[in-house]
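Colleague: Sharing the record's features from TrEMBL:
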| type | residues | note |
| --- | --- | --- |
| BINDING | T11, G12, S13, I14, N125, E127, G215 | NADPH binding site |
| BINDING | K126, S152, E153, S186, H209, S222, N227, K228, E231 | 1-deoxy-D-xylulose 5-phosphate binding site |
| BINDING | D151, E153, E231 | Mn(2+) binding site |
| DOMAIN | 5-133 | domain '1-deoxy-D-xylulose 5-phosphate reductoisomerase N-terminal' |
| DOMAIN | 147-239 | domain '1-deoxy-D-xylulose 5-phosphate reductoisomerase C-terminal' |
| DOMAIN | 271-387 | domain 'DXP reductoisomerase C-terminal' |
Amino acid sequence: MSQSVCILGVTGSIGQSTLKILQQHAEHYTVFAVTAHSRMQELVDICQQFQPEIAVVPQAKVDELRQLLVAANLQNIEILADEAGLIAVAEHPEVDVVMAAIVGAAGLMPTLAAVKAGKRVLLANKEALVMSGEIMMQAAHDHQALLLPVDSEHNAIFQCLPQTYLQAERHGQPKLGVSGILLTASGGPFLKHSLDELHNVTPAQACKHPNWSMGQKISVDSATLMNKGLELIEACHLFSIEEHFVTVVVHPQSIIHSMVQYVDGSTLAQMGNPDMCTPIAHALAWPERIQTHVPALDLFKNHQLDFQAPDTHRFPALSLARQAMKTGGTAPAILNAANEIAVAAFLNQQVGFMGIPAIVEHTLNTIPHQAATQLDVILEADQNARHVAQQYVVNIGI
Ligand code: NAD
Ligand code: MG
């Protein structure tokens with residue numbers, strides 16, 4: 001029987017890769033709902049091709065979308081708006097699978113709604129889990145949602161873990177013979193830049209990732225290594241381990257997507273060409289496998305794999321994230337919110353590249369952290385952090 005899919009953030013990089021896989025397996029999947037924050041014409045093109053029942057956009061875009069849909073003879077597609085619309089499609093009874101591919105904190109409530117509705121949730125939106133780790137994992141457990149990692153590293157780790165790992169009890173220690181995780185990082189476009197050079201890099205340079213083609217925000221996060229910091233927190237929650245069990249390894253070729261180490265001395269790695277279609281297809285079909293267009297790895301061509309330790313002096317974001325995870329409570333939500341503000345300020349050329357970790361550090365030092373067992377406490381910390389970070393942008397701005 002065909003599975004009904006909701007794609008949150010369909011116009012983004014992950015959204016597009018998801019559509020590619022769904023198109024290739026159209027006999028098994030139907031697109032029930034799609035959402036987008038901007039680029040209405042692209043959304044209409046997607047609607048034309050995939051004929052969803054519902055499209056969700058910001059209220060301010062509803063009229064524009066309606067006109068475009070009418071012009072394309074697609075007036076039967078229902079339009080919903082804002083966060084309420086996102087939540088409605090994420091928890092819709094007709095939906096089996098939710099691809100959570102909105103970028104940033106905006107994805108938290110719809111992703112959580114999908115988890116609480118017990119869906120198969122394909123998690124790309126790492127910021128949602130970073131903010132609400134304990135609540136999201138507990139909700140997945142309570143509502144028997146299948147929360148499957150799409151982030152390439154976490155998907156790799158999931159593939160290298162024992163099959164029953166996610167069902168085992170959660171208590172912060174690795175289980176079933178696992179001793180630790182090696183989280184790989186490409187190192188981003190500035191791996192070899194000196195600290196002096198880093199002060200002067202531009203948004204265009206930061207968005208040009210050597211191995212992956214991605215949205216702007218995650219591209220900047222990859223350049224600061226904050227992406228690896230967010231992924232460290234993501235791994236701790238997904239796999240129920242304390243942060244000291246996760247070692248970050250810089251591996252510039254992005255062929256190994258992460259590794260799991262076992263008590264008997266084994267290290268298992270998942271390898272492949274860097275293309276998000278592989279982890280998306282894996283999460284979509286798990287425990288089965290489905291075909292993608294991604295070519296098999298040619299080890300005679302990719303014959304050199306290098307590894308090095310990350311330099312947290314030039315890339316302090318990684319240490320800030322590790323410390324936030326160690327601190328726990330609302331600290332990761334504060335880190336994430338400050339980073340979102342800092343990245344936007346860097347992209348708008350209001351602050352320099354090294355302003356990003358400076359803003360995050362200032363915000364973490366300014367706002368007291370609290371326990372994060374209530375969603376409203378997390379949302380309040382997020383708002384406070386945005387406010388403090390924005391003020392600091394004004395103070396240190398260029
Ligand atoms: P993107 O910027 O290309 O796309 C983001 C999508 O979210 C778009 O559809 C956009 O319209 C929508 N969106 C943006 N702001 C929104 C808002 N306020 N409310 C509702 N919708 C909004 O981003 P992406 O690269 O596809 O990344 C999406 C998520 O997946 C991020 O959390 C990212 O960290 C994660 N991820 C991406 C990759 C990748 O290769 N691109 C890899 C791993 C994880
Ligand atoms: Mg990743």
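Using the three backbone atoms N, Cα and C, a Cβ is placed for every residue, glycine included.
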Colleague: Considering the binding-site residues T11, S13, which residue's Cβ sits among the greatest number of other Cβ atoms within 10 Å?
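Modeller: Compared across T11, S13, the most Cβ atoms within 10 Å surround T11.
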Colleague: How big is the gap, in Å, between the Cα of G12 (NADPH binding site) and that of D151 (Mn(2+) binding site), rounded to a whole number?
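Modeller: Each residue's Cα considered, G12 (NADPH binding site) and D151 (Mn(2+) binding site) end up 14 Å apart.
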Colleague: By DSSP, what is the split of the domain 'DXP reductoisomerase C-terminal' (271-387) into helix, strand and coil residues?
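Modeller: The counts are 62 helix, 2 strand, 53 coil.
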Colleague: On the three-state reduction of DSSP, what should I expect for H209 (1-deoxy-D-xylulose 5-phosphate binding site)?
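Modeller: H209 (1-deoxy-D-xylulose 5-phosphate binding site) sits in coil per DSSP, no helix or strand.
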Colleague: Can you break down the domain '1-deoxy-D-xylulose 5-phosphate reductoisomerase N-terminal' (5-133) into helix, strand and coil residue counts using DSSP?
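Modeller: Across the domain '1-deoxy-D-xylulose 5-phosphate reductoisomerase N-terminal' (5-133), the residues distribute as 65 helix, 27 strand, 37 coil.
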Colleague: Which ones in the same chain are close to E153 (1-deoxy-D-xylulose 5-phosphate binding site), with CB under 8 Å and 6+ residues apart in sequence?
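Modeller: Expected: L183, T184, E231, A235, H257, S258.
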Colleague: For the recorded Mn(2+) site, enumerate neighbouring residues of the same chain (Cβ within 8 Å of the Cβ centroid of D151, E153, E231, site residues themselves excluded), in sequence order.
Modeller: K126, P149, S152, H154, N155, L183, N227, K228, E234, A235, S258
Colleague: Out of the binding-site residues T11, S13, D151, G215, give me the one sitting nearest to K126 (1-deoxy-D-xylulose 5-phosphate binding site) by CA distance.
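Modeller: Closest recorded candidate to K126 (1-deoxy-D-xylulose 5-phosphate binding site) by Cα: D151.
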Colleague: What's the longest C-alpha separation between any two of T11, G12, S13, I14, N125, E127, G215, the listed NADPH-binding residues, in angstrom?
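Modeller: Pairwise Cα check on T11, G12, S13, I14, N125, E127, G215 gives a maximum of 18 Å.
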Colleague: Which whole-number value in Å describes the distance between the Cα atoms of I14 (NADPH binding site) and D151 (Mn(2+) binding site)?
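Modeller: I14 (NADPH binding site) to D151 (Mn(2+) binding site), Cα-Cα distance: 10 Å.
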Colleague: Rounded to a whole number, how many Å is the Cα of E127 (NADPH binding site) away from the Cα of H209 (1-deoxy-D-xylulose 5-phosphate binding site)?
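Modeller: Each residue's Cα considered, E127 (NADPH binding site) and H209 (1-deoxy-D-xylulose 5-phosphate binding site) end up 20 Å apart.
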Colleague: Filtering E153, H209, N227, E231 (binding-site residues) by proximity to ligand 1: which pass a Cβ cutoff of under 6 Å to any of its atoms?
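Modeller: List returned for ligand 1: none.
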Colleague: For ligand 2, pick out the binding-site residues G12, N125, D151 that have a CB under 6 angstroms away from one of its atoms.
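Modeller: D151, by Cβ distance under 6 Å.
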Colleague: Per DSSP, how many helix, strand and coil residues does the domain '1-deoxy-D-xylulose 5-phosphate reductoisomerase C-terminal' (147-239) have?
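Modeller: For that range the per-state counts are 42 helix, 11 strand, 40 coil.
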